[in-house]
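From Swiss-Prot, for reference:
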type	residues	note
ACT_SITE	Glu210	active site, proton donor
ACT_SITE	Lys343	active site, proton acceptor
BINDING	Gln168, Lys343, Arg372, Ser373, Lys394	(2R)-2-phosphoglycerate binding site
BINDING	Asp247, Glu291, Asp318	Mg(2+) binding site
Amino acid sequence: MFMSQIVDIRAREILDSRGNPTIEADVILESGVVGRACAPSGASTGSREALELRDGDKSRYLGKGVRTAVQNVNSSIHELLVGQSVFEQKALDEKMIAFDGTENKSKLGANATLAVSLAAAHAAAAEQKLPLFQYIANLRGQTTLTMPVPMMNILNGGAHADNTVDIQEFMIEPVGFTSFAEALRAGAEVFHSLKSVLKKQGLNTAVGDEGGFAPNLRSNEEAITVILQAIEQTGYKAGSDIMLALDCASSEFYKNGQYILEGEGNKSFTSNQFADYLAGLVKQYPIISIEDGLDESDWEGWSYLTSILGDKIQLVGDDLFVTNPKILQRGIDEKVGNSILIKYNQIGTLTETLDAIYLAKANGYTTVISHRSGETEDSTIADLAVGTAAGQIKTGSLCRSDRVSKYNQLLRIEELTKAVYRGKAEFKGLK
């Protein structure tokens with residue numbers, strides 16, 4: 001007999017990987033089972049993301065405290081959900097959404113609702129003696145579990161680094177392997193090889209928020225070149241074993257209708273010119289995925305980008321779709337992009353996150369489950385990626401325990417499930 005009633009909900013202020021406060025929530029059941037989860041936090045954020053509630057009191061944590069969000073959990077959300085069955089994930093989330101009553105969760109804070117929503121799923125899984133990935137799979141009747149292809153951010157520019165490179169993330173995707181464990185090993189080897197390539201050139205090998213290197217390279221193409229050298233040095237083949245992926249985070253350098261690349265001598269591009277610039281990179285290098293290639297408001301530009309590259313590579317909407325099913329539906333209707341980045345703190349509940357994932361899947365869009373640049377030891381996204389058979393996961397580089405905790409959880413899950421690693425099957429145009 002399950003004792004699934006929620007008897008207590010508690011939240012506290014903890015620190016994330018950048019030393020900023022975030023919120024951790026515990027959901028406690030009648031049986032004594034405790035589910036715990038933490039909310040992550042982003043640096044480059046889409047303007048339509050759900051609101052992360054911060055205190056704004058400059059005398060504490062430079063205004064970044066989350067005491068208000070903690071109080072919202074310990075009072076309003078506590079009153080709302082105590083006494084409910086933890087197995088009613090959708091009902092629990094809908095109660096919080098209805099009570100909040102705003103489009104962007106600005107009353108309770110998406111950091112408050114998300115921490116509770118995920119903690120409830122952890123508690124429910126523990127009460128049923130199920131691994132979290134299996135509980136998540138059961139929520140939507142997902143019968144096939146797969147191991148995701150990792151999108152590894154090994155070189156940083158843009159808002160994630162203090163350097164002259166405009167594109168925010170240069171990533172590798174180890175597609176030519178038969179297991180997640182082997183893919184992870186290849187990624188780690190390339191990461192170490194990249195460090196030695198940079199060292200040889202007298203470049204900085206300190207790492208950024210997500211564990212990637214942020215050397216002072218002269219241009220975006222130079223960043224691609226050093227990664228290709230690192231892949232070659234490890235004995236892998238770029239274009240078959242390992243593909244490249246970019247996150248342009250274009251909204252960060254979109255000013256007055258122009259894309260301005262400071263690292264390229266302040267060159268400015270119109271939407272179509274920048275889309276053509278990206279198409280040129282795809283032609284020249286083994287790039288399989290581009291995220292946020294254009295600004296979140298530039299739907300016309302996105303439409304053109306999709307028309308020239310959409311049948312060749314993955315075009316991921318992050319700031320564009322902000323994990324929001326309504327905005328994703330517009331993208332589907334207008335044939336914009338062909339993939340969605342899933343960041344659950346952009347929307348604020350597990351239920352709405354699953355809605356976005358399954359809407360994407362039903363319409364032939366790939367799904368990439370993602371961390372944020374401000375992370376904790378919480379590894380829920382690893383279970384989410386497997387439990388929804390998402391296909392890909394983006395959780396940073398191959399160092400820093402806030403990133404590696406997700407990879408390690410995926411290794412445990414692979415050992416337990418023997419789930420198939422997606423590899424090349426995940427991508428258009430890869431055989």
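Placement of Cβ uses the backbone N, Cα and C atoms for every residue, glycine included.
Worth saying up front: this structure is predicted, and the values here are computed from it rather than measured.
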For the recorded Mg(2+) site formed by Asp247, Glu291, Asp318, which further same-chain residues have Cβ atoms within 8 Å of the site's Cβ center?
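Apart from Asp247, Glu291, Asp318, the close residues are Gln168, Glu169, Leu246, Cys248, Ala249, Ile290, Asp292, Val316, Asp319, Leu341.
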So how many other Cβ atoms are close to Lys343 (active site, proton acceptor), meaning within 10 Å of its Cβ?
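That number is 26.
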Between Gln168 ((2R)-2-phosphoglycerate binding site) and Asp247 (Mg(2+) binding site), what C-alpha distance do you get in Å?
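Rounded to a whole number, the Cα-Cα distance is 6 Å.
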Anything within 10 Å of Asp318 (Mg(2+) binding site)? Look among the recorded positions Glu210, Lys343, Arg372, Ser373, Lys394, comparing CA atoms, and list what you find.
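Matched recorded positions: Lys343, sequence order.
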So for Ser373 ((2R)-2-phosphoglycerate binding site), how many other CB atoms are inside 10 Å of its CB?
24
Neighbour count, 10 Å Cβ-Cβ cut-off, for Glu291 (Mg(2+) binding site): what number do you get?
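A 10 Å sphere around the Cβ of Glu291 (Mg(2+) binding site) contains 28 other Cβ atoms.
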Non-local Cβ contacts of Arg372 ((2R)-2-phosphoglycerate binding site) (under 8 Å, 6 or more apart, same chain)?
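Long-range Cβ contacts: Pro40, Ser41, Gly42, Ala43, Lys343, Asn345.
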Helix, strand or coil at Glu210 (active site, proton donor), per DSSP?
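DSSP assigns Glu210 (active site, proton donor) to coil.
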In whole Å, how far is Glu291 (Mg(2+) binding site) from Ser373 ((2R)-2-phosphoglycerate binding site) when you measure between their Cα atoms?
15
Give me the largest Cα to Cα distance among Gln168, Lys343, Arg372, Ser373, Lys394, the residues the record lists as binding (2R)-2-phosphoglycerate, in Å as a whole number.
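That value is 17 Å for the farthest Cα pair.
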Expressed to the nearest Å, what is the distance separating the residue listed as 'active site, proton donor' and Lys394 ((2R)-2-phosphoglycerate binding site) at their Cα atoms?
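Here the two Cα atoms are 10 Å apart.
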